[in-house]
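Annotated in TrEMBL:
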{"type": "BINDING", "residues": "G72, A74, V75, N79, S319, N351, L416, D419, S420", "note": "Na(+) binding site"}
{"type": "DISULFID", "residues": "C177-C186", "note": "disulfide bond"}
{"type": "TRANSMEM", "residues": "66-84", "note": "transmembrane segment"}
{"type": "TRANSMEM", "residues": "96-117", "note": "transmembrane segment"}
{"type": "TRANSMEM", "residues": "138-165", "note": "transmembrane segment"}
{"type": "TRANSMEM", "residues": "236-254", "note": "transmembrane segment"}
{"type": "TRANSMEM", "residues": "263-283", "note": "transmembrane segment"}
{"type": "TRANSMEM", "residues": "316-333", "note": "transmembrane segment"}
{"type": "TRANSMEM", "residues": "345-371", "note": "transmembrane segment"}
{"type": "TRANSMEM", "residues": "391-416", "note": "transmembrane segment"}
{"type": "TRANSMEM", "residues": "446-470", "note": "transmembrane segment"}
{"type": "TRANSMEM", "residues": "476-499", "note": "transmembrane segment"}
{"type": "TRANSMEM", "residues": "520-545", "note": "transmembrane segment"}
{"type": "TRANSMEM", "residues": "557-576", "note": "transmembrane segment"}
Amino acid sequence: MNLSLHVVSDYKLAPAVPAAAPRGAELGDVVELVPAKDPSSSSAASSADAQPAEPQRETWSKKMDFLLSVVGFAVDLANVWRFPYLCYKNGGGAFLIPYTLFLFIAGIPLFYMELAVGQYHREGAATVWKICPVFKGVGYTVIAIALYVGFYYNVIIAWALYYLFSSFTNELPWLKCGNSWNSPRCTDPQLLNGSVLGNETFYSKYKITPAAEFYERGVLHLHESKGIQDLGPPRWQLTLCLALVIFVLYFSLWKGVKSSGKVVYITATLPYVVLLVLLIRGVTLPGAMDGIRAYLYIDLKQLGNPTVWIDAATQIFYSLGAGFGVLIAFASYNKFDNNCYRDALLTSVVNCVTSFFSGFAIFSVLGYLAFKHGAKIEDVATEGPGLVFIIYPEAIATLPGSTLWAIIFFIMLLTLGIDSSMGGMEAVITGLSDDFKVLKRNRKMFTTVVAFGTFLMALLCVTNGGIYVLTLLDTYAAGTSILFGVLIEAIGVSWFYGVDRFSEDIERMMGFKPGLYWRLCWKFVSPAFLLFVVITSIVTSGGLRYDDYVFPGWSNVVGWGVAMSSMLFVPGYAIYKFCLLPLAYCITPEKEHHLVAEGSVRGFTLKHWLAI
């Protein structure tokens, strides 16, 4: 075992008896320590005499490939359909105070930590835990979560693709009633004005508008399902859209980062162009300024509401995408001396600025819709699929040249979703292929298996009751489980591996140690933040609902079963490791196992646990 495979200035064990051993050398002689070489250099790969060298790890063709991949993964649909509404609901500009605070004390530190760990060890989410073998289970946890998310996230992209195909008409199909999917209750939106809505009913909750019925009856066929127990067969239109999405993902990933790094030049940049175009068009609409003022209105009293702080904490965590194994996977293909500190600052700030910027494009159109119906902004404001598949499409359907605006909007949703889904699938492929070399040698075949398996599982979400399965997975597959996974990850790196060791690793890569601020965040602030979010997630979790539909009790049990199926990798693997090895070996990096054999266990000293 080469104990310094990915270390620049550590040492490796030379063979006890070389092929040309000097006279007098015996099997039990003291092992010679020789300096290791930069793992990214070609000479390091040729230094092993006894065994054939492992193929040198693939790297990004250009630095921009990596940056766009990270930005493309982090900037996803939630930046458009969740952040603007949370900002509006939680005090407008006042929401930016807790959001920015959590960004700097937890969001960026966790982002930086994952990039640095992946880049230094150049391994996926599972094998990177050679730094502390007992925590390898958390690697399997995040890989499982990334896989689960792919089961339903790709379906949302398929919806956007269906809408895109449906937009190629002279008159958008969700503009008027009278279509085959419309119910007798379908009501012309012009009849739903402020006086009809009153003070108790929100326009965004009406399910009898043409746009709402197109989504729920024309696309989802939700009216043909009685609940999660009545799914029905997959709908062929959505199945074809899903197959096309999986096809694009497969051919973006099958050659590794050499191919995916080129795709993101389109998928990561196009949303910014579209957002800018939509914003320019939006601000010219009547009522747009009212929507923007509502979005930015500063209500400092909201800061006294604990819900605001909880929303800010959870949003900053999910927005940056730490914990899915994607950042570790992407960073593992960087050159060893890449400045991941600068990358972490740049990409995380770009992501958060994008969230804020998208709010202007969204609320300018919501202001127009409220003006058109003589309603309040709060009547039309909503989040999630209801915003991007009902409210926003309805608004742009009333504009001159509506077909063009619809096509532009749904292309944006497609590109936002595709590169995020690419990141999740890459985390699964890299994480498992690094752990099982047979998969790495057959990457194309393994990518095929992952893509096809994801497609088969996603078929459950394109049935008549598929939205119920999607809601269950969205709530449980990447809810408390991902928070738990990142909490354990932060504890493993900061406490068991040690902030001091971690800082030395960063110094070897970039020539400088992280400052005291970052070390304090990694050691204390970020774990405390994650513990707070985990507890909050558990306490605030309730029964599953989709609008007025209340899920049966057994579905919540199934949901927690999905969540536990990933979380149990952590204690399960730890127990397995304790059965094989003594505690000292379990908590000591593999490259230092020879020190354990000599009786020197760093993890058994108080100095290790107090180090910062």
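Any Cβ shown, glycine's included, is placed from N, Cα and C.
What TrEMBL says about a protein is an automatic prediction, not a curated fact.
Scored by C-beta pairs under 8 angstroms, the transmembrane segment (446-470) has its highest count with 138-165, from the stretches 138-165, 391-416, 476-499. If you compare Cα positions, C186 (disulfide bond) sits closest to L416 out of the binding-site residues G72, V75, S319, L416, S420. Of all Cβ atoms in the shown protein chains, 28 besides its own fall within 10 Å of the Cβ of G72 (Na(+) binding site). When the stretches 66-84, 96-117, 316-333, 391-416, 520-545 are ranked by Cβ pairs under 8 Å to the transmembrane segment (345-371), first place goes to 66-84.
Note: the CA-CA distance between V75 (Na(+) binding site) and C177 (disulfide bond) rounds to 35 Å.
Counting in whole angstrom, G72 (Na(+) binding site) lies 37 from C177 (disulfide bond) by their C-alpha atoms.
Taking residue pairs at least 6 apart in sequence, the transmembrane segment (96-117) and the transmembrane segment (557-576) share fewer than three C-beta contacts under 8 angstroms.
For the transmembrane segment (316-333), the partner stretch with the most Cβ pairs below 8 Å, chosen from 66-84, 263-283, 391-416, is 66-84. The separation of C177 (disulfide bond) from S420 (Na(+) binding site), Cα to Cα, is 35 Å.
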